[in-house]
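K.L.:
According to Swiss-Prot, the protein has these features:
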{"type": "COMPBIAS", "residues": "320-331", "note": "compositional bias 'Basic and acidic residues'"}
{"type": "COMPBIAS", "residues": "389-407", "note": "compositional bias 'Polar residues'"}
{"type": "DISULFID", "residues": "Cys60-Cys123", "note": "disulfide bond"}
{"type": "DISULFID", "residues": "Cys163-Cys215", "note": "disulfide bond"}
{"type": "DOMAIN", "residues": "39-139", "note": "domain 'Ig-like V-type 1'"}
{"type": "DOMAIN", "residues": "142-231", "note": "domain 'Ig-like V-type 2'"}
{"type": "CARBOHYD", "residues": "Asn59", "note": "N-linked glycosylation site"}
{"type": "CARBOHYD", "residues": "Asn103", "note": "N-linked glycosylation site"}
{"type": "CARBOHYD", "residues": "Asn210", "note": "N-linked glycosylation site"}
{"type": "CARBOHYD", "residues": "Asn231", "note": "N-linked glycosylation site"}
{"type": "REGION", "residues": "320-407", "note": "region 'Disordered'"}
{"type": "TOPO_DOM", "residues": "1-266", "note": "topological domain 'Extracellular'"}
{"type": "TOPO_DOM", "residues": "286-407", "note": "topological domain 'Cytoplasmic'"}
Amino acid sequence: MGQKERSTADTLPDLEEWKSAAGLRWWQTAVVDGSGSGNEVIEGPQNARVLKGSQARFNCTVSQGWKLIMWALSDMVVLSVRPMEPIITNDRFTSQRYDQGGNFTSEMIIHNVEPSDSGNIRCSLQNSRLHGSAYLTVQVMGELFIPSVNLVVAENEPCEVTCLPSHWTRLPDISWELGLLVSHSSYYFVPEPSDLQSAVSILALTPQSNGTLTCVATWKSLKARKSATVNLTVIRCPQDTGGGINIPGVLSSLPSLGFSLPTWGKVGLGLAGTMLLTPTCTLTIRCCCCRRRCCGCNCCCRCCFCCRRKRGFRIQFQKKSEKEKTNKETETESGNENSGYNSDEQKTTDTASLPPKSCESSDPEQRNSSCGPPHQRADQRPPRPASHPQASFNLASPEKVSNTTVV
């Protein structure tokens, strides 16, 4: 009994040695191909990040004595390489071979990669459990958009220009290239909260000349670059032109706005503008700068047709009123005389009331004293209205008084 136990204890170290030897033999079998020759994967492929539409390259280095190298994409064999020639099943997957220091290097090239090609890349030997693997990432460059292709701004006036990168696999670095003179410029980047693959870059500047603005999106790791350019036109603010139209300024700004006129068209347009402005300015000066007003309206009496008509009607009405007034006075004086009035007495009265025509004295002083100031005639007084009653008196002869009728 004790001897049996002793023999069991003595055999335990032999069991451990057997396990170690079995593990070593299993590892050696793993790196041996079907023909029994030993080989291994010395260096497997490396991770790669490429752009959509470009090429992806992977290298796998194995020891001498290999029989078959298999390349798999997402656990699907896409390329097989034999010592003499590759076995190509898809034209998008090709192979290159190199000998380096007694080892063999196989290179797999994936042409025109697509986002669906992203996944695990594996290089393995036939009947071998050891392999090398890597991961392929395909990046997609999205759109780069500036809302306006041609911008027109005022000189020395601040403005903002936006650039929109959208549908990128990951957001790029945004920068601006200025092809014009500016007094100030700055930009900032604002990601879109609702879309992690989109963002907005805003450029604030104060332009001083015409030029271009370029929004640049880059992936430094891939050395990829995409840009969008916009033309910026600066318009000089006119000085004080009195509210007129600056025809030369308008013509000079047409090419920058995308319009082009021949020489004869520019000359004709300038002449047409001048011919249009000349009568406009003339009418403005005559009608707006005249200080005289008439008829209670706010227009010039010399150039307004309606005021001319009203003025003519007023003059005709005034002449007609004066004529009627004179006729009424004449009729009133003739109708107010008494029928018993003697014409001889009237003649005597008229003769007696006349002033002397000349001075008969030869002495100048006496002549001057006798020649007093001329008598004012009674008919030089301003006429009275025809509506008031009138009375005529004969003051020539105090002895004879004519009867007078008061109307």
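Even glycines carry a Cβ here, placed using N, Cα and C.
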K.L.:
Taking the Cβ of Cys123 (disulfide bond) as reference, which residues of that chain separated by at least 6 in sequence fall under 8 Å from it?
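P.N.:
Counting only residues 6 or more apart in sequence, the Cβ neighbours of Cys123 (disulfide bond) under 8 Å are Val41, Gly44, Pro45, Phe58, Cys60, Ile69, Met70, Trp71, Ser106, Met108, His131, Gly132, Ser133.
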K.L.:
How big is the Cα-to-Cα gap, in Å, between Asn59 (N-linked glycosylation site) and Asn103 (N-linked glycosylation site)?
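P.N.:
Asn103 (N-linked glycosylation site) has its Cα 13 Å from the Cα of Asn59 (N-linked glycosylation site).
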K.L.:
Give the distance between the Cα atoms of Asn210 (N-linked glycosylation site) and Asn231 (N-linked glycosylation site), rounded to the nearest whole Å.
P.N.:
8
K.L.:
Write down the Cα-Cα distance for Cys215 (disulfide bond) and Asn231 (N-linked glycosylation site), rounded and given in Å.
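P.N.:
About 12 Å separate the Cα atoms of these two residues.
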K.L.:
Tell me, how many other CB atoms lie within 10 A of the CB of Asn59 (N-linked glycosylation site), whichever protein chain they belong to?
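P.N.:
Its Cβ has 18 other Cβ atoms within 10 Å.
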K.L.:
Near Asn103 (N-linked glycosylation site), which residues of its own chain have a C-beta under 8 A away, given they sit six or more steps off in sequence?
P.N.:
Ile42, Thr61, Val62, Ser63, Gln64
K.L.:
Within 10 Å of the Cβ of Asn231 (N-linked glycosylation site), how many other Cβ atoms can you find? Include all protein chains, please.
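P.N.:
Excluding its own Cβ, the number within 10 Å is 17.
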K.L.:
According to DSSP, which of helix, strand or coil covers Cys163 (disulfide bond)?
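P.N.:
For Cys163 (disulfide bond) - judged by DSSP and reduced to three states - the answer is strand.
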